[in-house]
Amino acid sequence: MVTLVICALIPIFLMIIGGGFAYRREILPENSAAVLNGFVCYFTLPALIFGTLATTPVHEIAQLGFISAFTGSMVVSYLLMFIFSKYVFKSHYTESSMRALSGSFPNCAFLGLPVMLSLFGSGKDVLIATTLAILLPTVLIIIVVATFSLHRADKDKSVFAILCSIMISMLKTPLIASALVGIMFSVLQIQLPEFLSKSLHSFGMTSIPCALFAVGIVLCKQKIELKWVNILSVNFSKMVLQPVIAAILLLLFKVPENMFLMGVVLAGMPAAALTCVLAQEYNTLEMETSTFLLITTLIYLPCLLGTLAIANLFGITF
């Protein structure tokens, strides 16, 4: 099994290494990561999400057990890390919020798709699980953005008005908008022409090399800060605690075995690069967040192998 997993993941890590090599040797311009990220987030990934949801019956999309368990694993991990940071590290609640985000936001948008396709194949259930895992972390983004917005807002501006503003902004993002339109097509049973469906899928799959190349560039650009207690606590939250919580909740919600393992693997993804973007946006724990991103990505392979080995002991295989 170890050989099979490593062979499946080698192309993924080669693309990440290729991005880092291109950045270090200055083969690509300085802003290449931003360009690749923009291409993925504004074009290819929305195309894949829309095509997947629009061509899937609504009862297959509405995986309520999976949605509840996966969302619950993120929110519980976030709250536990927030409380730990606030009361053990004595950090300000904005710093605790950013640290909690690093310990609970899986990188499903950039690593989820290639890893899942490599391990589980390209079946419809794999695409649905990955699509849901890409969209559901929006909950965490709303929590963090709301935290900082409330901290910075004028006192005469109501909490409701701030939250409404955040929700409207989120709905305008291509990923969320494409998902909503795709679900609408599914609910109304609007059939996409076969050529269009295949074209969207082919175009969307270009997300994989672009996203992985961008991850390599981003990792090489990060400046790190080694505060080992902070790093170990956040890494434990992200790479150990969150998949364990996900496994417990997926069992409680009686999610089918194939979706169960996919949910645990997706929950155990390393920290998302978006955490660094938000840290820089709000000038909060920038170097520490970059360090979390780098280390969770470096230890991802042994953590994934451990997850699959434990699952195999319980007779759950991919």
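Note that Cβ sites are derived from N, Cα and C of the backbone, with glycine treated the same way.
Here is what TrEMBL records for this protein:
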TRANSMEM  6-23  transmembrane segment
TRANSMEM  35-54  transmembrane segment
TRANSMEM  66-89  transmembrane segment
TRANSMEM  101-120  transmembrane segment
TRANSMEM  126-148  transmembrane segment
TRANSMEM  160-188  transmembrane segment
TRANSMEM  200-220  transmembrane segment
TRANSMEM  232-253  transmembrane segment
TRANSMEM  259-279  transmembrane segment
TRANSMEM  291-316  transmembrane segment
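Counting only same-chain residues 6+ beyond the ends of the transmembrane segment (101-120), those with a CB under 8 A from a CB of the stretch are 5, 8-9, 11-12, 15, 40-41, 45, 48, 74-75, 77-78, 81, 126, 129-130, 133-134, 137, 140-141, 144, 175, 207-208, 211-212, 214-215, 233-235, 237-238, 241-242, 258, 262, 265-275, 278, 289, 292-293, 296-297, 300, 304, 318. Between the transmembrane segment (259-279) and the stretches 35-54, 126-148, 200-220, 232-253, Cβ pairs under 8 Å are most numerous for 232-253.
When each of 35-54, 66-89, 160-188, 232-253 is checked for Cβ pairs under 8 Å to the transmembrane segment (291-316), 232-253 comes out on top. Of the ranges 35-54, 66-89, 126-148, 200-220, 232-253, the one with the most Cβ pairs under 8 Å to the transmembrane segment (160-188) is 35-54.
Within the same chain, residues 12, 15-24, 28, 32-33, 36-37, 39-40, 43-45, 47-52, 107, 109-111, 113-114, 117, 192, 273, 276, 293-294, 297 sit at least 6 positions outside the transmembrane segment (200-220) and bring their C-beta atoms closer than 8 Å to a C-beta of that stretch. Highest Cβ contact count with the transmembrane segment (126-148) among the listed stretches 35-54, 66-89, 232-253 falls to 66-89 (criterion: pairs under 8 Å).
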